[in-house]
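Since the structure comes first, as structure tokens, the remarks are kept for the end.
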Amino acid sequence: MKTTEIHISGRVQGVGFRPFIFNLAEEFQLKGYVSNDELGVIIVCQGENSEQFFNEIHHRKPKSSEIIFSEIKEIETAEIFDNFYIKPTEKNIVVDIPLTPDFATCESCETELFDEKNPRYFYPFTTCTQCGPRYSVTKKFPFERENTAIEVFKMCPNCLAEYQNPEDVRFHSQTNSCPNCGIQIWLKDNQGNEFKGSNKEIFEKLAKELSQGKIVALKNTAGYLLMCDATNSEAILELRKRKRRPTKPFAVLFSGISTMKEYLEISELQIQHFKSSESPIIVTKIKDKKDLAIEEISPNMNTIGAMFPYSGTLKLISKTFGKPLIATSGNFHGSPICSTTEEAEQILGKIADYFLHNTLEIQHPQDDSVIKFSPKHHQKIVFRRSRGFAPNYFFAEELSELNKEKNKILSLGGDLKNTFAIVPNNHVYISEYIGDLANFETYERFENTVKSYQKIFNFQPEIILKDLHPKYENQNIISKFSKKSAQSARIEEIQHHKAHFASILGEKKLWKKDKILGIIWDGIGFGTSTEIWGGEFFLFENQKMERVAQLENFAWILSDKMSKTPKISALSISGNNEDLKFAFDENEWKIYTNLIEKSEIKTSSMGRFFDAVAFVLGYEKPLFFEGESAMWLEKISQDAFDENVKLIDYLEEENFENIPTKKLFSRILKEKISGKNLGEIGLNFHYTLIKAIEKIAEGFAVKEIAFSGGVWQNALLVDLVIEFLGDKFELHFHEKLSPNDENISFGQLNYYLKLK
Ligand SMILES: [Zn+2]
Ligand SMILES: [Zn+2]
């Protein structure tokens, strides 16, 4: 009897692959079995049509699955199968496959949620093989119920019948549960009083409290969200006050695409992404603000982060409430998102009036992912890569070729907007967004997440990659590894902006190119002991990376204070220009000008340059979050761009090797003083930078340009690059990773494997 063995690797666990194979094998009248193994899925079958069967697997695979590798071969066996079955996975295997992220609730499960006659009516945890939480409930892999937080809920006879029925959408659905056997929700006020009722009554009570201006902490699939009525200015201001978040925009949850269309300018492309299994928040232009309290939601902006109800809980609350809701990560001022009842009540107790808890234990808390499309050329820009995308992977064939010694690598990433990356096997795993490690709780989250990856992959790092910065928080973890492994691990340092460049080269698989220019612009990164970098040009040529140009240096003073106070950047870049005297009192003027004159530390930070220009054009407040003034500058400049004003290159007459910071800045100051339109000046500043890139690129005779660093979250800048350089150069932007410091971990890894 001919026996065939098939191996399939990729995203094939937790996506309904085994039940799919079972049904397909029946159709082809094959006998044998399918099972999960460390490399994905293994199928052993006997019958005539195994080759056709193999081809059909590729054509008809489940929607959320991805096949990266597959093979079919004949094997010898004495065993004769008399049926086809799903064989339980062997215990204690260590997987070498991509981890499966959380999936948004599918349309068929959504229908059940709102069907009065359905047993899952108002049951927020309605899932099937094609949808529901995965990574957030996973304790270890392979993805089997017993390895997840759902294990504690024993399936009732009905659920079990679905689980065992090959015709059912919940056949072998590991997350299957129902109101009888599954996860319970309960509602409490912040005094500890519990509200009793059915799920429907609980959501109705919640909606009633929200409509009276109350703030709710609601446990969603990957962590708590704070919510209030998005049409109620007072409620939003109260939330801002309690959360200590004065100005940073909030995301808004809509009940569905049709409601979104009433408020927002949304394209087909955006709708596709809202309805995808990742379902990120998308920063979208407002069409008609209607009843939205827009000034409180997104001060001074004409965009909002729009959230699609991607989980059962979000669908139920948004439909029951009937109006848009603020939906922001349930945390307090920079701490990580809360995920347990205790954490939520302790940390969010001073913010929320009500708590909607549930009995499902979150294993991997994650924030929502956020993306944007540039308005004109629809270039995708990732602002935060987390739930739905993480732990994203790259089956980096190139990397595994490079990592010939199969070293186990941990790459620590940056300190602000931290992520880390590991190579424990043939795959690269990039963690979800973790956040600013200067916050103690966030640092703890970082350490715990590293530990949980170590457990999943049975992993001790042999090589640890860190930033050049001598004082980054994330390197503290090295001392936490066992003495033996900490001593034997080799530690390598990689410069911040080189890591950024390596990150885009790696993401876009550009390592084989002869020559490519990297425009690496961000806030700050450690350059040398006297230089803070941030406006850098690198050339990758003959397999070497070299810094070839920069934003001309200016004095770096008062470190963090400079980052939060745009007028200091303006003063420094201007070289103590008297025209700025109006912004300082006598004492400040004396101290700052003196510090600037004597400063031994210089910077080429593009982020600070944007701050300085924003200041001159009217953004005179201190900043509450990184990039705040740059967002405002982008907005007024975008408005001018939309009006098709004539563009001026302020440096047209100049020849330069490095961008002449002071010269460009004094021109902007002059334009402002002469009373030109502020939006137009802002737009011309953006345009001048694009023309400067062009000059420098032509100087090095390159044909391709790659972009990385947080400044490239500026969608106008991206559109202008495409508009004016797109015909002359091949352009490469991040699409899977964020351009900001979230990509440092992946960049460190690439740099190490390729260039160290
Ligand atoms: Zn479903
Ligand atoms: Zn049940």
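Quick reminder: no glycine exception, Cβ is built from N, Cα and C everywhere.
Note that the structure is predicted; figures quoted are calculated from it, not measured.
According to TrEMBL:
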- 3-88: domain 'Acylphosphatase-like' (DOMAIN)
- R18: active site (ACT_SITE)
- N36: active site (ACT_SITE)
- 200-388: domain 'YrdC-like' (DOMAIN)
Rounded distance in angstrom between the Cα atoms of N36 (active site) and R18 (active site): 8
N36 (active site) - helix vs strand vs coil (DSSP): strand
Residues in the domain 'Acylphosphatase-like' (3-88) grouped by DSSP into helix, strand and remaining coil: 22 helix, 36 strand, 28 coil
